[in-house]
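Residues or ranges marked as domain 'C2H2-type' in TrEMBL: 22-49, 50-74.
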Amino acid sequence: KSFNNSSALAKHRLTHSEERKYICNVCHKGFKRQDHLNGHLMTHREKKPYECQEENCEKSYCDARSLRRHLEGH
C-alpha cells in the first residue's frame, strides 16, 4: 500500500499495532489514535443533540453518524 506522506503512513501503521496509548480519563478505554479518543470523548457529554424521531424511542446521540447507525436498526 502506498501513502502520500509520512504522516499518513504513520497513521496506517497504528492500525497494525496493539498499543493503545490514548486513554479516556472517564472510562479508561484505550485508543490507538488521538483523533479516535477525541471522537469517543463526545460520547461522555451530557448534551446529545441528535435525537431519534421514531415513535417511543428516546435515544439521543452526540453525533450524526451514531444516530444514522441507530436508525438502521429501526
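Positions of Cβ are set from backbone N, Cα and C atoms, glycine also.
Just so you know, TrEMBL annotations are computer predictions that nobody has curated.
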| note | DSSP assigns the residues of the domain 'C2H2-type' (22-49) as 11 helix, 4 strand, 13 coil
| said: Using DSSP, what is the helix/strand/coil residue split across the domain 'C2H2-type' (50-74)? | reply: 8 helix, 4 strand, 13 coil
